[in-house]
Amino acid sequence: MRQFDVIVVGAGHAGCEAALAASRMGCETLLFNINLDSIALMSCNPAIGGLAKGQLVKEIDALGGEMGRMADKTAVHFRILNASKGPAVQSSRVQCDKQLYRLAMKSVVERQPKLHLFQSLVDCLLVKDGQITGVADQTGVCFGAKAVVITTGTFLNGLVHVGTSHYPAGRAGEIASISLANCLRKMGFEMGRMKTGTPPRLKASTIDFSRLERQDSDPAFEPFSLSTERLGKERLPSYFGYTTSETHRLIRDNIRFSPLYSGVIKGVSARYCPSLEDKVMRFADKGRHPVVLEFEGLETEEVYAKGLGNSLPLDLQEQIVHSVPGLENSEILRSAYAIEYDFVQPTQLNHTLETKRVRGLYLAGQINGTSGYEEAAAQGMWAGINAALAVQGRPPFVLDRSEAYMGVLIDDLVTQGVDEPYRMFTSRAEYRLILREDNAALRLTPRGFDLGLIPQDLHEQISERIRRIEEGMKCLSSFKIYPGTAVNSKLEEHGSPAIKNPVTLFQLLKRTDLSWEDLSMFQDLPDFPEDVPDGYDRMIRKQIEIEAKYEGYIQRQREAVVRMKALESRRIPPGMDYSAIPGLSNELRMKLARVEPETIGQARRITGMTQAALAAVMIMIKKKEQDTRGQSPLPAQSE
C-alpha cells in the first residue's frame, strides 16, 4: 500500500486549494479526481468573487492560495460591486474563461512538487481505532495516509433531475460517488440532502443581443492576487434582459412537470439562488425577473443564462428561453437541471474542519452544506493547512470572526450547522468594517508566511506597507493646519467648511468632501510633509483615508472584538453534561451536546441561546472549576 502524508478526495475548488496547501507545506499529498480533465471545473457560473465572496478570494490569496491568481489570469470581465457604498461592503467579481481557468489550475496542480494526481473513484475510508489510515478506490486498491480531506462537492449520492427524468450523477456527464456516501453514513455521521441547479447554456450566434442591455467591464480594477502584475486585455461584455408574462404563464401552467413541485426532489434548495420555478411561484406579484447572459469564454459559443435555471423538461425549457426578448431563436447547447446530493452536518466538525468522530479526517466544501466556489476554496485551504499541521505535529490553524471572513464561515458552520445551502454575505460578518477586501493582505499575509505559504519577498513587501501606513497616519496626525483667510479660502474652493480651530491633516481627511489628493492644497505651508500626497502608493493612501474617515466606527468594532475575545478565552471543559444544568430548555441541551462548544463565545453564538441560558452554563463551569480545586461551590452567605 502506497503511503502519503495527506490524501485529498475530489479536485474541485476546495480540493485543489487543500492539496496545494498541504504539499506546499511539505507534505507528500495525493489528490484524487474521478476525471483529471475536470480539475477545478466551474460547474455552474463562469465567475469568481461577488458580494462577500470577493473578500474570501482575497483572503485565500493573502494566505498563499491559488484561486485569486487563476481568476486574474483567466478573467474576461471585471466588476466592483457596491462601488457607490462604503468600503466594508465593496466586493470584486470577475467572469473567467471557464476552460482557461480549468486548464490553468490543472497546470499548477500538475507542476506542484510533492503533489501527486490519480484518476479514480474513492469508495471507502480506512479507519483504525478512531484514526483515519487511508482510502480505498473502486478497484479495491488501498492508499495509506495520516490525514484525509474529503472535498466531493455535489458528487455524494448525486442525482440529476430534468423534468420527470432523473439519473445518478455528480454533475451532468460525470458519475456519482455513491459508495463513499454510504461509507460515511455507516460510520455514523449525521447526513442530510440538499439541492442546487444550473441554468441552460445558449449558443451565442443564435441570440439577438441588440434587444438586450449591454454591460461592459469596469475600466479600473484591482487584481485579486498580490502576485498579479498586470491583467489581460481581452474583455467580453455581459447582457441583461427580463422574463415576460409568457415566461411566467409557461411555468405556472406546467409546474406539475417540475420535480421541485411534484415532490420528487427532497433536498433543501438555496434560498438566495432560487430556481425560475421558485421565483415565479413564490413571487407572483413580480411581473418580470432579470436574466443575465455571460460568455463562458473567448473561444466558445456557450453563453451562461443566469436567471433561467430550472428543472423542467427540455421542450418546456426551450419555450421558456424563447419567451425572453432577444432569445426568441436561441439554441440550447446544454439543458438546465437540478441536482440533489448528500452533505454532512458540519456541527460534527471542530474549528479545524477535522471531524469529531474520526481523527485525521477533514471535510471541506459542499459536503459541509455550503454553496459557491469561493466558500469551497476557503474551506479547502483551511482543511489542507490543518491536515498538514496535524501530520507535522504543529499547532492547528484557526482564524476567529474578527480576523477573516474565512473565520466567520467556519465558525458559522461548526457552531450553528446548516439547514439550507450556506452562502457567505457581508451581513454575516459582524466586524466587516475591519475585514475589508482592501486590507486582506495586511491582515493575513503574515499568517501565510508563518505557515510557509508566502515567500519571504512578499512578506517583506507587506510588512513594509504596514510600516508605511502607520508612518503615514502618524505624519498626518502630527501636522496641524491653523485657521486663517488663506487656509479657509482653499477649503471653501474645495467645497469644504472653514475651520475655526487648529486641526491636523488626519482630522481634515475625516471630512467626506475631502480626499487624500485634496491635501495637496496646503503644500505651500511651511514644513508641509514632503510625502503628502505623492510619497505613498495608492494602496497605502487608500488605507490611511479609510482609517481616517471611519475611525470612530473602526474603533467601536475593535472594542467589540476585545469583548468577544474575552468570551472566547473562557474555555468550556470537555465532556460537559448539559443535561445537569438547570434552567436550560431541552432544545438548547440538545444543541449544546451536539455542537460541543469549546468556549463561552462559541456557545453564545448557538442559535436560540439566551443570556439566561449562557449565565447558567457559566455558573456550572465555575462550579466545576471550584470542585476541581477542592473548594465549596459557593461561599457562605452571612445573614
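Glycine is no exception: its Cβ is also placed from the backbone N, Cα and C atoms.
Taken from Swiss-Prot as is:
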BINDING   Gly10, Ala11, Gly12, His13, Ala14, Gly15, Val122, Ser177, Gln366  FAD binding site
BINDING   269-283  NAD(+) binding site
**Asked** Just counting, how many other CB atoms are there within 10 A of the CB of Phe283 (NAD(+) binding site)?
**Response** 12
**Prompt:** How long is the line from the C-alpha of Cys273 (NAD(+) binding site) to the C-alpha of Gly12 (FAD binding site), rounded to the nearest angstrom?
**Reply:** 21
**Item:** Rounded to the nearest Å - Cα separation of Glu277 (NAD(+) binding site) and Gln366 (FAD binding site)
**Value:** 23
**Complete:** Among Gly10, Ala14, Gln366, i.e. the binding-site residues, the one with its Cα nearest that of Phe283 (NAD(+) binding site) is Gln366
**binding-site residues (Ala14, Val122, Cys273), the one with most neighbouring Cβ atoms at 10 Å** = Ala14
**Message:** Rounded to a whole angstrom, what is the C-alpha distance between Gly10 (FAD binding site) and Ser269 (NAD(+) binding site)?
**Reply:** 23
**Asked** Which one is closest to Gln366 (FAD binding site) in space, judged by CA to CA distance, out of the binding-site residues Arg271, Lys279, Met281?
**Response** Arg271
**Rounded to the nearest Å - Cα separation of Lys279 (NAD(+) binding site) and Gly12 (FAD binding site)** = 29
**Prompt:** What is the separation, in Å, between the Cα atoms of Gly12 (FAD binding site) and Arg271 (NAD(+) binding site)?
**Reply:** 23
**Asked** Where Met281 (NAD(+) binding site) and Val122 (FAD binding site) are concerned, what is their Cα separation in Å, rounded?
**Response** 40
**Request:** Mind giving me a neighbour count for Gly12 (FAD binding site)? Other Cβ atoms within 10 Å of its Cβ, every protein chain shown.
**Result:** 30
**Request:** Within 10 Å of each Cβ, count the other Cβ atoms and name the one among the binding-site residues Ser269, Ser275, Gln366 with the highest count.
**Result:** Gln366
**Request:** May I ask for the distance between Val122 (FAD binding site) and Ser269 (NAD(+) binding site), taken between their Cα atoms and rounded to an integer number of Å?
**Result:** 27
